[in-house]
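Comments concern the structure below.
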Amino acid sequence: MTNKAIYPGTFDPLTNGHLDLVTRAAKMFDVVVLAIAASPSKRPLFDLNERVALATQVTAHLPNVKVTGFSDLMADFARQQQANILIRGVRAMTDVDYEMPLAKMNRHLMPALETVFMLPAEAWSYISSTLVKEVALHGGDVDHFLPAPIAKEVRARLHP
């Protein structure tokens, strides 16, 4: 049986913390689908196609990672992808508190889908896309927190 994992998120923008998790997941699972949620209610900085293109660019070195956009219910998307693992990154207990009901609902909707919580590397344990965007918006240097091509696009978008 192939262990196919889905790592879903808005990834607006995809940070070095996200890249660390997907890189580590690629070593653990046969296939990892980096599933980028449309999330229009979050009013993303980059549209879905832009986020998919940027994520594809920075994960090109990972042959078993496939990047795709989605707007479905997670359990339905996992079924379509024939995935049996759902990866969720957790930085703190507040993330666990948020993720537990989602994991339980996904288990109810698709019992074969197992949720795996992964901790970020220490260097990335405090960053989030929202925090990085806020720093960038105010002219702060975000190069340390984002893959280079994404940092360049964030700067161009926020400070044309």
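Placement of Cβ uses the backbone N, Cα and C atoms for every residue, glycine included.
Straight from Swiss-Prot, the features:
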type	residues	note
BINDING	T10, F11, H18, G89, V90, R91, E99, W124, S125, Y126, I127, S128, S129, T130	ATP binding site
BINDING	T10, K42, M74, R88	substrate binding site
SITE	H18	site 'Transition state stabilizer'
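Overlay of Swiss-Prot feature records on the structure.
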residue	record	Cβ contacts under 8 Å, 6 or more apart
T10	ATP binding site	I36, A37, S39, K42, P44, R51, S129
H18	ATP binding site	G9, F11, G89, S129
M74	substrate binding site	I6, P8, L86, L102, N106, L109
R88	substrate binding site	D95, E99, L102, A103, T115, V116, F117, M118
V90	ATP binding site	V96, E99, F117, M118, L119
S125	ATP binding site	G17, R91, A92, L119
I127	ATP binding site	T15, N16, G17, F145
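Put plainly, the binding-site residues K42, E99, S129 were compared by Cβ crowding within 10 Å, and the winner is S129.
Secondary structure from DSSP puts E99 (ATP binding site) in a helix. Take T10, F11, H18, G89, V90, R91, E99, W124, S125, Y126, I127, S128, S129, T130, the residues named in the record as contacts for ATP: the widest Cα to Cα gap among them comes to 19 Å.
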